[in-house]
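Engineer: Sharing a structure below in structure tokens format, with a few things to ask.
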Amino acid sequence: MIIWLSNFLEQYFPFFRLFEYLSFRAILSIITALTISLWMGPKLIAWLQNLQIGQVVRDDGPESHFSKRGTPTMGGIMILTAITVTVFLWADLTNPYVWAVMFVLLGYGAVGFVDDYRKVVRKNTDGLIARWKYFWQSSIALVVAFALYAYGKDTAATQLVVPFFKEVMPQLGLAYILLTYFVIVGTSNAVNLTDGLDGLAIMPTVFVAAGFAFIAWATGNVQFANYLHIPHIPLASELVVVCAAIVGAGFGFLWFNTYPAQVFMGDVGSLALGGALGTIAVLVRQEFLLVIMGGVFVVETLSVILQVGSYKLRGQRIFRMAPIHHHYELKGWPEPRVIVRFWIISMLLVLIALATLKVR
């Protein structure tokens, strides 16, 4: 929104030309989202406490988690508010890619809100019935997938980028819709599964968003896109502002979510952030890099799949408890140790993924 105003004012006040620079708006995006989160946090936490909207803890979970009962949840409202306000302030709202990410972010946020609300009101861990959650996740993802395919059909926006091979970028055709669907839904649920310890999900989300900010900038810059042998998609550059908003909001939320947490993001936050990251990965054509950058999310999800599969097929569990962060807790690792080590792994994976852009 500000960029529209600056286009008008710059003819009278040259200073406003600064707002045309993507880097300047990205910095302002981080600062704005961070400020909103820090300002909103205490108010939201107090409001949630007054409404007795507290975390419901599974009886079969680690004993160390029983003390978390009653801690305010649905803190993702803070994250989504900060991102939404920031994007509407600093992003170019004529860019359809911005709207695609925001549609998924807010749509999945609404699904997560209903899920959290039902958990809190009914005081159990069931929440929204699984088939309805999956239905709404699928519906939102398919709407975006079909819209993006119709908009970018047979262009660089629908090519498959294969790591390590600079000339291998086949057109996906209708398979683009299927890939987009699985990436968005899968990433959303993966982040949701990871959100089980204080600050565990938010920092990997921040790292991945920061990585995608660089990729979005490179993808939108014709010189760098050619240099790195990745598709040049001009619209992708504006996603830098969106990624910056996620980074700023994430740091602001971490201020209150760090161990011991004052608030949890809940499904309203984790489903939305995961869906947004998946959408960004699709838009910049780096689905494979998402698997590397989001390796923590991938491993958490695989641990659940392997645990369930092993128990049903062999009657035996592979891990003491899934997702895998609970396995390490039950092995005796203090919660902060699990969290920080997962953060370190996540940061390294993002750096490795970025390095692969040059290894072609």
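In case you wondered, yes, glycine gets a Cβ from its N, Cα and C as well.
OK, Swiss-Prot features for this one:
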type: TRANSMEM; residues: 27-47; note: transmembrane segment
type: TRANSMEM; residues: 73-93; note: transmembrane segment
type: TRANSMEM; residues: 94-114; note: transmembrane segment
type: TRANSMEM; residues: 132-152; note: transmembrane segment
type: TRANSMEM; residues: 168-188; note: transmembrane segment
type: TRANSMEM; residues: 199-219; note: transmembrane segment
type: TRANSMEM; residues: 236-256; note: transmembrane segment
type: TRANSMEM; residues: 263-283; note: transmembrane segment
type: TRANSMEM; residues: 288-308; note: transmembrane segment
type: TRANSMEM; residues: 338-358; note: transmembrane segment
Engineer: Spell out yes or no: are there three or more C-beta pairs under 8 angstroms between the transmembrane segment (168-188) and the transmembrane segment (73-93), with each pair 6 or more apart in sequence?
Structural biologist: no
Engineer: Look over the recorded stretches 94-114, 199-219, 236-256 and say which has the most C-beta pairs under 8 A to the transmembrane segment (27-47).
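Structural biologist: Stretch with maximum Cβ contacts: 236-256.
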Engineer: List, by number or range, the same-chain residues at least 6 past the transmembrane segment (94-114) whose CB is under 8 A from its CB atoms?
Structural biologist: 74, 76-77, 80, 83-84, 87, 128, 133, 136-137, 140-141, 143-144, 147-148, 151, 184, 188, 192, 235-236, 238-239, 241-242, 266-276, 278-280, 283
Engineer: Go through 73-93, 132-152, 199-219, 236-256 and flag the stretch with the largest number of C-beta pairs under 8 Å relative to the transmembrane segment (288-308).
Structural biologist: 199-219
Engineer: Report, as numbers and ranges, which residues of the same chain sit near the transmembrane segment (263-283): CB under 8 Å and 6 or more residues beyond its ends.
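Structural biologist: Residues 41, 44-45, 48, 55, 68, 71-80, 97, 100-101, 104-109, 111-113, 115-116, 127, 137, 140-141, 144, 148, 157, 179-180, 183-192, 194-195, 198, 201-202, 205, 208-209, 212, 216, 233, 235-236, 239, 242-243, 246, 250, 253, 256-257, 289-290, 294, 297.
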Engineer: Could you check if the transmembrane segment (338-358) is in contact with the transmembrane segment (73-93), meaning 3+ Cβ pairs under 8 Å among residue pairs at least 6 apart in sequence?
Structural biologist: no
